[in-house]
Amino acid sequence: MDLDTRGLPAPGSWGRGSRLVAAASWLPNVALALALSSEALLFPAPPAHHCRPDPALLPPELRALAGPALLNASLPRLPPPSRGWSPCQLLRYPGPGPEPNGTGPCTRGWDFARPVAGLLNSPVTQWNLVCEDQWKVPLEQMSYLLGWLLGCVTLGSACDRFGRRTILVTSLLLAVVLGTAVALAISYSMLLALRLLYGATVAGAFLSLYVARLELCHADHRLLFSMVAGLFFVAGTMLLPGLAAICKDWRFLQGLVSLLLGLLLLLWGFPSMFPESPRWLVATRQPGRAKEVLWHLVGVCQNPGDATSEDVTLAAELDRLSEGKSLTQYHSIFELFSTELLWKNTLILAFTTLLGNGVQYNFTQNLAPYLPHFYLPCFLLAGLEAAASLSLIVLAVFCGRRASLLLWTVLTSLASLLLLALGQYLPVWTVVALSGLGLLASQAMSVLSILFAGEILPTVIRGAGLGLIMAAGFLGRVATPVMSISNHHGFFLHHVVLASFAVLSMLCILLLPESQGRTLPESLEDAEGWWYPPLFLPRWRHPQDHRAPLLLPSRKQTHYVCQRNSCAVVPPQRAGGQGPLHPRDHWETESQATQEPLFMAELQEDAHEAVFP
């Protein structure tokens, strides 16, 4: 049953209820942004520091010194032009005289200068994650990103098995518990393990909320609602520096974020505030529960007489589906790899998401020398993400998803190649402009790839499929801590590889279908039946008017034919029993059909019967 044409987009109460619930899902993005984006504040670049003087290492005649004199006797100076104190060395006095004869590591910890911005106390300063332990900071960042990745993969599959709302509530509950435990961590090892699990639960909550919002929106509203949700996420990111200035200590900040997640669980945990996705219930053959949710969206549970004729028709169809015994059917992500076209489209969008997130490291490194202030990079990245969301609202409506994604990929590739080839010869303002353009384009590229994937993946595996796409994006972000561990060695090679991949992705995007204006596919065979339109689709033509396939299966491959309780694999046949029918042969035959008034309806019906007998 197609909810897009029978329920959700109707001008009546179904559409109003679903739009209100989808709009209510915007606000949780603020709290989730505080949880997901707090890494830069909890583990910033260490402030200026030096070894704490150890009088036991000084000769007897120097042990009574204090203040600057003690520092001069205990710490070596850095070579010109800095001439500051060495951050990791102490002077050694092996002989009885007052002259030092070498240096050694710190023995009593470090003294840190007051940070210019951000938290006054962070895990870096509490556990002295500097000098020989400096590698522990990027290790924690990698662990946190690994938690995101694992959360998207595992909880995305759980969304398809247990439902969107169930995983959202469970993830938020676990995030509150683990976030509180992070704030109470007593060692770096404990913090490392808890942050990994905490990142997994927060990523699962974000993914389940994203999927539920997408399934509640009509085809004309999916882009707008998703981009506005992205703006709320940006707002949460921009609130972080202010909260850091108020809390001053990382434990208080982590506790405040956990408290906000608890309030989110308290409000959005009620079914009346955030019900289960009716589209998922219908796709998994749970019409009884779907009817209850849809009546809730209508808001006429107490007085069914207020329902419109469209509401009554949909309810009658759900009652008809409820008759008899209907076993609930769930699908695994592994079924994606038995399809012919869908797995290729998913692989392409995972590749573009990985590229869009991974290439951002190159642009931020080019901007780093010109953005020394702590708050400026934070607000610049958030502002560029907001600009990307706003530009996508306009561009993707007029050009379609595929053409917009291609345009942003071209801009990303152009900026990356110019900085790679001419970066050392260009003036400063040109480098800054190209880096800003590259960041804008790469962020738009990753955001649109995730939305695009959500629109072409079928409902039965949308959670797991989107989990893989988002996990690919988090994998691209791992480039930043990996390069930090290696002290940015290999930056040029990383830049060359991603610039080359950006050029390759432009060719891959041409193989994708267009999802603008289309209803969300419910089953695997619905997603397999998507054809590609011209690159720039005119607004007065419906996407389904163009049905020529671009990614064609081989003649030996078969199509899905899903029955009520099982799936069989049957190859389409030629007329007269002359062997399997190739989709291109079928299209060429259809193109010669008569131009009668009912031509398009007959063409669509014949195409469906030939490809999915």
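From the backbone N, Cα and C atoms, a Cβ is placed for every residue, glycine too.
Please treat TrEMBL annotations as automatic predictions, because they have not gone through curation.
Under the heading domain 'Major facilitator superfamily (MFS) profile', TrEMBL lists 97-517.
What TrEMBL lists as transmembrane segment is 166-186 (among others). For the transmembrane segment (166-186), same-chain residues at least 6 beyond its ends with a Cβ under 8 Å from one of its own Cβ atoms are 35, 151, 155, 158-159, 194-195, 197-198, 201-202, 204-205, 208-209, 212, 251-252, 254-255, 257-258, 261-262, 264-265, 268-269, 274, 276, 463.
Same-chain residues lying 6+ beyond the ends of the transmembrane segment (192-211) with a Cβ under 8 Å from its Cβ atoms: 25, 28-29, 32, 35-36, 139-140, 143-152, 154-156, 158-159, 164-165, 167-168, 170-172, 174-175, 178-179, 181-182, 185, 226, 229, 261, 277, 450, 454, 462-463, 466-467, 470, 474. Under the heading transmembrane segment, TrEMBL lists 192-211 (among others).
Sequence annotations record features per position, and here TrEMBL assigns transmembrane segment to 223-246 (among others).
Within the chain carrying the transmembrane segment (252-270), a Cβ under 8 angstroms from the stretch's Cβ atoms is held by residues 24-25, 28, 31-32, 34-35, 38, 41-42, 119, 168-169, 172-173, 175-176, 179-180, 182-183, 202, 243-244, all 6 or more beyond its ends. For 252-270 (among others), the entry in TrEMBL reads transmembrane segment.
The transmembrane segment feature in TrEMBL is assigned to 374-398 (among others).
Through the fold, the transmembrane segment (405-426) approaches residues 352, 355-356, 359, 362-363, 366, 395, 399, 434-435, 437-438, 440-442, 444-445, 448-449, 452, 495-496, 498-499, 502-503, 505-506, 509-510, 512, 535 of its own chain, all at least 6 residues removed from its boundaries and within a Cβ separation under 8 Å. For 405-426 (among others), the entry in TrEMBL reads transmembrane segment.
What TrEMBL records for 432-453 (among others) is transmembrane segment.
Note on the transmembrane segment (460-479): residues 142, 145-146, 148-149, 152-160, 164, 167, 203, 207-208, 210-211, 214-215, 283-284, 329-333, 335-336, 346, 349-351, 353-361, 446, 449-450, 453-454, 494, 520, 522-524 of its chain, located 6 or more positions outside it, place their CB under 8 angstroms from a CB of the stretch. The feature transmembrane segment is assigned by TrEMBL to 460-479 (among others).
With a threshold of 8 Å between CB atoms, the same-chain residues lying at least 6 positions outside the transmembrane segment (491-512) that come near it are 344-345, 348-349, 351-352, 355, 358-359, 361-362, 365, 401-402, 405-406, 409-410, 412-413, 416-417, 419-420, 452, 456, 479, 483, 532, 535, 550-551. Sequence annotations record features per position, and here TrEMBL assigns transmembrane segment to 491-512 (among others).
What TrEMBL lists as region 'Disordered' is 572-591.
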Reported mean pLDDT - the domain 'Major facilitator superfamily (MFS) profile' (97-517): 85
